[in-house]
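The following features are taken from Swiss-Prot:
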type	residues	note
SITE	Arg65	site 'Interaction with substrate rRNA'
SITE	Asp67	site 'Stabilizes Arg-65'
SITE	Arg106	site 'Interaction with substrate rRNA'
SITE	Arg109	site 'Interaction with substrate rRNA'
SITE	Arg113	site 'Interaction with substrate rRNA'
BINDING	Gly184, Gly189, Ile205, Tyr206, Asn207, Lys208, Pro209, Leu210	S-adenosyl-L-methionine binding site
Amino acid sequence: MNMKEPISIILLESALELVPKELWKHPAVVKNARRRGKKPGETLLDVSLHYHAMKKLKDKEKRGRPDIVHISLLNALESPLNKEGYLRIYIHTYPGHIIFVKPETRIPRNYNRFVGLMEQLLIHGKVPPDSDDPLLYVKTMTISDLLEKINKNGIILLREHGEKEKPENIVKYAVENNYAIGIGGFPHGDYSQEIISISKAEFSIYNKPLTTWITISRVIVGAEHLYNII
């Protein structure tokens, strides 16, 4: 199949955000921020550090897992699909931001360096902060706004209870209809009703829950097979 356009993958409602204001004074948040020489609101929410602070946080089961985005981006950006120029990946965060990622971006393999990079991005809006052509930049917009910006007709979802299908066929369906492919960027729970309501179709690649990074890797491999990249 001759692919004219790269496939677009959106990590949806990703568990990547700065510590929300209502948690700034919690001892666990203050302790971690002080240790790093930062203000509480300039640090990433991380359940491994802020578990007790997050107990009463809305949708706590979906939040505070920056490692999901880290591993997923490493998988995606190092893939043959991306190296051949046929992948565009976007990060939609739980608070409603969209992170635009240039295909040539090299994500730090070290998790602590990744955390620092994401904090810089969410504080300054782009990385590098003084660049006119940043590798990463963030905007506040809805998924519908993003789909319009990247000229997609809609979005399909990878969801546990979706129609069982092979990754290769899911990619083919998305490309033929000019749809983006949405994958949940959170550890537990389900998409919000807002996301579900705009999806054009829902698919599943396995009969049990899969991590985000396994799902994205399988979709990418499906695309690589479909377009004879590997």
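Placed from the backbone N, Cα and C atoms, the Cβ positions cover glycine too.
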Among Arg109, Lys208, which are recorded positions, the residue with the most C-beta atoms within 10 angstroms of its C-beta:
Arg109
What is the separation, in Å, between the Cα atoms of Arg65 (site 'Interaction with substrate rRNA') and Tyr206 (S-adenosyl-L-methionine binding site)?
23
Candidates Arg113, Gly189, Ile205, Tyr206, Asn207 (recorded positions) - the one closest to Asp67 (site 'Stabilizes Arg-65') by CA:
Arg113
I'm trying to understand the geometry here, so how far is the Cα atom of Asn207 (S-adenosyl-L-methionine binding site) from the Cα atom of Arg109 (site 'Interaction with substrate rRNA'), in Å to the nearest whole number?
31
Among all protein chains shown, how many Cβ atoms are found within 10 Å of the Cβ of Gly189 (S-adenosyl-L-methionine binding site), not counting that one?
13
Taking the Cβ of each of the recorded sites and counting other Cβ atoms inside 10 Å, which one has the highest number: Arg65, Arg106?
Arg65
